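Among the features that TrEMBL reports, transmembrane segment is placed at 47-72, 501-521, 541-561, 567-587, 599-620, 698-718, 730-749, 770-791, 847-864, 896-912, 941-964, 1016-1042 (among others).
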Amino acid sequence: MAPPKEINNPPPELLASFQKAKADLKKRERTDASVQKKERARQRTEFNLSHGLLVGFLLWILALHVSGLYLFTRGFLLTRLVLENKSSCDVIPGGARVGVDGTVDADGCWYPKRFEKAVVVVIDALRYDFTQPYNGSDAAHFHNAFKVPYETTLSHPENSVLLPFIADPPTTTLQRLKGLTTGTLPTFIDAGSNFAGTSIEEDNLLSQWKAQGKRMAFLGDDTWMALFPDMFEPEMCKPYDSLNVWDLHTVDNGVNEYIYSYLQEPEWRGKWDVLVAHYLGVDHAGHRYGPDHPAMGAKLRQMDETVERIMGVIDEETLLVVMGDHGMDTKGDHGGESWPELEAAVWLYSKKPRFGRLEEGLLTEKDRSEGRSVQQIDLVPTLSLLLGGPVPFNNLGGPIAEVFLGGEGEEGIKRLAEVSRITAHQIKGYQEGYAHAKHTHVDGATEAAALFEEGEKVWEEIVKDRKGATKAAYEKAYKLFQGFQEKNLKTCRDLWARFDLVSMAYGIVVLIGSVIVLITFARGFDGDMKELWGFLLQKSVTGMAFGVAAGSIVSSTVPFGLSRPNTSIFCAALGSIFGFFGGSWTARKRLSVAIPDGWGWFAIVATTIHSVLFASNSFVVWEDSILTYLLSTFGLVALIASRRVEDDVQRALGTYQSIIFIILSRASSLSKLCREEQMPFCKSTFYASASSSVSSPLALALLFLTAITLPFIISAFFKGTKSYTGPAQFWIGWIFRATLLLSALYWFLDSADNGSWIDEFSSGELKAPKTFLAQLILTMSLSAATIGFAWSSVCLSLEVVKIPDLVSPDTPSTPTPAIPALKNDGSIRTTPTGETIVLYGYANIHGSRYALLPLALFPALLLLQKPMGGIALSALLWQIFVLADLVDILGLRDSLVGPVVLGLMGNSYFFATGHQATLQSIQWESAFIPLSTITYPWSPLLVIGNTLAPQILVALGVPLLVLWKSSPKDVGLLGLIAKGAAAFMAYQGVVTTMSTICAGMLRRHLMLYRIFCPRFMLGGVVLCVSEVVVVLVAVGGVRWGWGSVGEGFGWVF
């Protein structure tokens, strides 16, 4: 066929017609583009609105959980009522002092003073066995290093008293200092305030000394400054940062720089009456290395030399007190109630013989059976009376007998009986003041009251015939007053935990209601959820408004059992729950009774097993093992289900991933930090040894191996969907790999610093490069999460292939050599010229784009973990991608099981990263990984990141289970994400609600504060943190990933 002839001079009419047709075509193209642009804008607006309402709805659920936890906590963890009463020299308990006329004179206030000055040396975490000799061949590093107290007491018993010094839990420094200065018992909730203290307003030793005109000097732990501002002489006050557990020497060396000058030099000796020195090196050595480490031995020897030197320079009128505020466990931690944490040491020394020993007949049954010990609160009346001051009004302790027993004949027992009576009257005055403040009365029929009354009768007989009073009479009076003090203390310990059952019940009601809301939202509606959550949110907010109004009316007219603000909170929460169910009833045509399938039953059974274990202290103790079995069971069930998949490739992949899931579940359980109650059936592997807090060289080597292999493992998931391109290739191949290697390098430097591996560097010289590395990693990770993820493009690549035989993308495709096994899912586009555009990664465009978010945040979480914890966290990241593959293969996107298994994984890996539901397992040193000092709010956030990294990571994985291997053509994905988030929050809500109910029901259980209360507190924190992450970061981050996809392929959701 001949080619058409070229027309050189077309007719004007034809040319005009052609130009008009061309103009019409361009106009139509512009119109089509404008229409398409407007349609995209409309879709984007619709998505943003729907997404915003979803975030708002989930935030409302979070608010319900916070409200429920707040109300329960207000009733469960009530703080002690603090009285403002102050003891005074003008009012002497029990009337006139025996032997004198009762007036205040220069020799003392309530009792003649025995010392003019006092040097109080606090050696933080000085455990009692650190002061005892050890003759065995297997001596630890802490043995026989601190010898002066024991040897002096042995050789000069009239000058020296060394006793076990029993602390009241929680064994954190701030709470112990409160007890040591006020003589009161702490409340459990105080343990969370160890980062920052508030000044002590109640009567205490220091305020009494200040009122008497005594001048006080201070050196050491700056916690004292927070508790006692303006108490110390400004020119003699040298505080140091207390929470930098990496630093063993700055505080101790700083104290020693000044203390000898204050004790010896004439210009300083006359400027103080009480000198307080608080050393921290022993405590920090325990946190950093554990007690059985050369650094601990060196620290104790330094303290031994320091105490010996102080002994040599004080005079005969100065009392020296050396004590520990608490002990430490076998790993060097503290905060709980194990005996090594509670048993500190106290040593009192006087150059002049003043002390004595209790005779056998004056010892209690406990003293005879367990050995003589004293309570830490006993130091308060002891120091008060020795220095001639009043005993603080709130004190519950008794005088340390040995300190008052010195002297000839009956002088010692007479003195002990006198001070015991004074203290008993002070305690009785406190009882009466507390009862008055609570609008109750003191029960006079108790055993303690009977002992007090009998003691007073004996004392009256002594007063009638002072000269004829016998030693036996004084001994009887002492035993009665001492018995009153001990019985009263036991009563306070048993009954001090006041529970507001009304507030607790209201909190539980709100938590249960929120769980029912979540379950209804996740499984109770048919069809796409995006049409409902805005409507339900509106109804819930309306119900909340009515609840607030009703609460205000009820609280002012009806005794509701709560304060007005708390009543409003409860009514608002309850009203919003009723509003939700009112909206659900309006939309009842969408309601359905969802009968669970096999996977649904597995999710229900697993959640039930995990939640009911909180009713038994033994099950709580072994929670880590139970979770491992639950995860392994899921892997086994997934393996069986995978073998039934029809597609050969999918069946093989499902089988492989199920096996990997089981292996990872079992392998993660090998990383273990045993709690005390698990011994001797548990062996800790998290640190180099059970008595150390230093990582082993093997863990470091495995961390480097993990940093090298993990990027290859993660990239394999992307390559399997042809998504390893563009931003994925750059982030995983370069940034992700680099940050993981830098994290491993950080922990290598840390171990080198701890173990002094590099002789050229002294201790602490590696801190600067370590801090720089940590800050670099966090900057790279967090900036990528906020900026890189938000502005990243999709993980998609294009390839143009010339295939003449492929006429239309709508024609069913068959595999060809050019594009083998590609499905006709929109990833193949054909041009008019016959060229085919292949879009690699199209079938996983949503999943690969969103997966960049957890991968961006992961290096920051990894850095905060110790080496073994970093290995476990890497296994968790791998297992999340394995679970995402299994959810796709087994068709479980719209099932409860995926989010529930994620929750189980988060809780299981919490234990694998070196944590337990105990205060002492908190790795406080993580606050100093990128910082040199405590900095708010970053330090607490770093500790949270270290402690809850597994829960944070699985919360980020919730949308991934829906989006992984999802294309732009898939409809209803946002609704599935909403259901998945609700299911995940429901699981966490059920677990926390059950731990709350069990803690409330077992509130009088012996193990409440040791097992049930810490687990409840952990559950509350996990619930709040994981929901903040899943709502604001995970579901919130979906918006940015969807934007990248929507602009190119449409906002289908």
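Cβ atoms here come from the backbone N, Cα and C positions, even for glycine.
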Does the transmembrane segment (567-587) reach the transmembrane segment (501-521) with at least 3 CB pairs under 8 A, where each pair is 6 or more residues apart?
yes
Are the transmembrane segment (730-749) and the transmembrane segment (698-718) close enough that 3 or more Cβ pairs fall under 8 Å, when only pairs 6 or more apart in sequence count?
yes
Give residue numbers and ranges for long-range contacts of the transmembrane segment (599-620): same chain, 6 or more residues beyond its ends, CB-CB under 8 A.
523, 626-627, 630, 633-634, 637, 677, 890, 892, 895-897, 900-901, 904, 907, 917, 983, 987, 990-991, 993-995, 998-999, 1001-1002, 1005, 1007, 1011-1012, 1015
Excluding the flanking five residues on each side, which residues at least 6 beyond the ends of the transmembrane segment (47-72) place their CB within less than 8 Å of a CB in that stretch?
503-504, 506-511, 513-514, 517-518, 530, 533-534, 536-537, 540-541, 562, 566, 569-570, 572-573, 576-577, 974, 977-978, 981-982, 985, 989, 992-993, 996, 1000, 1020, 1023-1024, 1027-1028, 1030-1032, 1035-1036, 1038-1039, 1042, 1046, 1051, 1053
